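A.B. asks: Take a look at what TrEMBL says about it:
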| type | residues | note |
| --- | --- | --- |
| TRANSMEM | 6-30 | transmembrane segment |
| TRANSMEM | 37-57 | transmembrane segment |
| TRANSMEM | 77-98 | transmembrane segment |
| TRANSMEM | 110-133 | transmembrane segment |
| TRANSMEM | 207-224 | transmembrane segment |
| TRANSMEM | 245-263 | transmembrane segment |
Amino acid sequence: MIAIAFSMVFIHPIFLVSELLMMIAVNLLAKNQKKTLGTLQGALFMMLFIVVMNPIMNNHGAHVIATFGGTVITAEAVMYGFLMALSLAILMLVFVSYNQSMTNHKFLYLFVRISPQLTLLTMITMRFVPLFIRRFTNIKNVQRTRGVQMETGSVRARSHAGMRLMEVLLINSLVDALQTADSMTARGYGSQKRTSYQRYRFTQRDGWVLASLVAGSALCFYFAKQGIGRLAIYPILGSIHLNQIGWLCLVLVLLIDSLPLLLEGWEYLWWTLRK
């Protein structure tokens, strides 16, 4: 989640492009190529939409690029839209990596001792949208064999078909929710302190990594508070040039973002040298 904070704090093209490439590398290393490419394809349309619509709707800025009728396109608005699009892409890739590495059992193990009900509610909320999409796709494929299609016919017919599909989806979800609640009640969920069949131990190496991560992140946020790695956009677009401290901050940000790559590389070298 630190990568998300960095993408929102360091609003600079060099920082954001470097972070985007690093997040792509992290996801590809996790053998998540299909989801990564699919996410990038889905994010591309939204990125183009932001880049195009922001200059049209936002006329602030001193450097005028073009004028179409009464609409003024400024370099500041184009740059701001470009940076927001990069931040969105980084955000989506971070969640792809999170879903790949953070399983339901790990999430429960971390927070279920604090608040079992809130932890379960959070986990259900996080899987709500993907689960609904999968169910809707399955229902649509089944209903297509019965002649219920949203792709063909008049607008009224397609709307009627869509309402029927949503009705089936909601009924199916409610029935599944009732079955889940009955199963949890029968198993006594939340009645006493929950145990876990998986054990995650906090080792000395984890302590050093956590301390380094906190110290490095604090230093990066201090640099950001001083204006380093933050491009001045309004009212006049500033220079994207980075000084020595700016490059040092960029290297530190990339080291933190690439922590999974560094740990994986260390493990690979460790086992290779021991053979």
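All positions are counted from 1 along the displayed chain.
Cβ coordinates come from backbone N, Cα and C, glycine included.
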A.B. asks: Rank 37-57, 110-133, 207-224, 245-263 by Cβ pairs under 8 Å to the transmembrane segment (6-30) and hand me the top one.
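C.D. replies: It is 245-263, which has the most Cβ pairs under 8 Å.
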A.B. asks: Looking at the stretches 77-98, 207-224, 245-263, which one shares the most CB pairs under 8 Å with the transmembrane segment (37-57)?
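C.D. replies: Comparing 77-98, 207-224, 245-263 against the transmembrane segment (37-57), the winner is 77-98.
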